[in-house]
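According to TrEMBL, the feature transmembrane segment maps to 28-51, 63-85, 97-121, 141-165, 185-205, 241-265, 277-299. The annotation domain 'G-protein coupled receptors family 1 profile' is assigned in TrEMBL to 43-292.
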Amino acid sequence: MDLTVGTELNFCLNYTCEDAHRTTVTVLLYAGVTAVIILTVCGNLLVIISILHFKQLHTPTNFLILSLATADMMVGVIVMPLQFITKTLCWHMSTTLCYFSLLCSFHFTFVSIYNVTLISLDRFYALSNPFQYSNNITLKVTSVLICLNWFLSLCYNLFFIYLNVTGNGDVVCFGECPVVVNETWAVIDLFVIFVIPCSVMIILYTKIFAIARKHAKNINITRNYGECVPKASERKAATTLGILVIVFVACLLPYFLCIELSPIIPYTLFDQVLDATLTILQLNSAINPIIYALFYPWFQRCAKLILMLNIFNPGSSLINVLSKN
């Protein structure tokens with residue numbers, strides 16, 4: 001007598017979504033999640049409109065920020081709402097929607113990681129080779145790198161999902177959206193998504209801050225002799241983007257620690273820990289616009305012009321948003 005089917009059916013029947021009661025805490029939680037989603041979408045949309053509309057912001061570095069903001073906004077438009085609905089409102093996704101949700105989550109995370117890596121490379125090259133930078137790093141070169149990043153991310157994640165989500169033979173109950181990754185792919189993904197890009201970021205920003213300190217010493221020397229000093233704007237931009245990188249790695253690290261430590265995390269706690277680390281990772285998409293608002297005066301001016309609808313005025317794209325006046 002084959003008890004396998006009966007056991008699997010019984011397991012699936014026992015797998016039920018715990019529909020939360022509408023308590024005050026639950027309502028506050030829903031309100032908080034909704035606020036984060038709105039902040040993620042609207043904040044990154046302001047960044048996108050600012051860089052696209054104001055021609056003064058059409059620089060290679062800002063185009064990389066534009067690409068990052070686009071990925072962050074899509075997290076708020078697609079990934080966050082889907083996870084919120086499935087986790088809290090007991091809405092079961094179809095198989096197709098499950099794959100789509102996984103693809104979006106993996107794809108936008110991959111794009112964000114390598115966008116931040118490209119920003120690190122851009123700042124390092126700008127500080128270490130200031131005279132060659134403007135000639136070699138053009139808008140065309142940056143646009144090609146951005147398109148390549150998005151394309152390679154899509155190819156990698158389609159391949160990853162095809163090999164690790166479909167046809168693995170495991171029992172999947174209705175409403176579940178699992179990813180069963182074999183050991184080989186787990187190692188590959190760890191290096192591609194975390195170890196390689198984060199190592200590059202850390203090495204580059206270690207060198208960037210060393211260059212910035214050297215420039216600061218040169219400023220003191222050249223001021224004493226009345227000579228021309230290097231531009232402080234490049235160093236300030238590197239410092240601001242350094243904060244962006246540090247926050248990004250801090251949000252990314254808990255998720256990969258959870259994945260790597262999964263064998264020793266109790267099975268009953270793993271889902272909760274994984275959900276918590278995913279939430280921290282996705283919160284980065286909401287934090288980035290706040291970093292721009294705090295450290296980029298041009299973003300503050302652009303946001304004010306956009307919210308006051310001044311961008312619809314003739315010639316508004318030519319406004320000097322970098323000037324303090």
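Even glycines carry a Cβ here, placed using N, Cα and C.
By the Cβ criterion (under 8 Å, sequence separation of 6 or more), the transmembrane segment (185-205) is not in contact with the transmembrane segment (28-51), since fewer than 3 such pairs are found.
Within its own chain, the transmembrane segment (277-299) is flanked in space by residues 36, 39-40, 43-44, 46-47, 50, 57, 65, 68-69, 71-73, 75-76, 79-80, 83, 109, 112, 240, 243-244, 247-248, 251-252, 254-255, 257-258, 321-322, 324, which lie at least six positions past its ends and keep a Cβ under 8 Å from the stretch. In the predicted model, residues of the domain 'G-protein coupled receptors family 1 profile' (43-292) average a pLDDT of 83.
If one looks beyond the transmembrane segment (141-165) by at least 6 residues along the same chain, the residues whose Cβ comes under 8 Å of a Cβ in the stretch are 60, 63-64, 67, 99, 102-103, 106-107, 110-111, 114-115, 118, 122, 178-182, 185, 189, 192.
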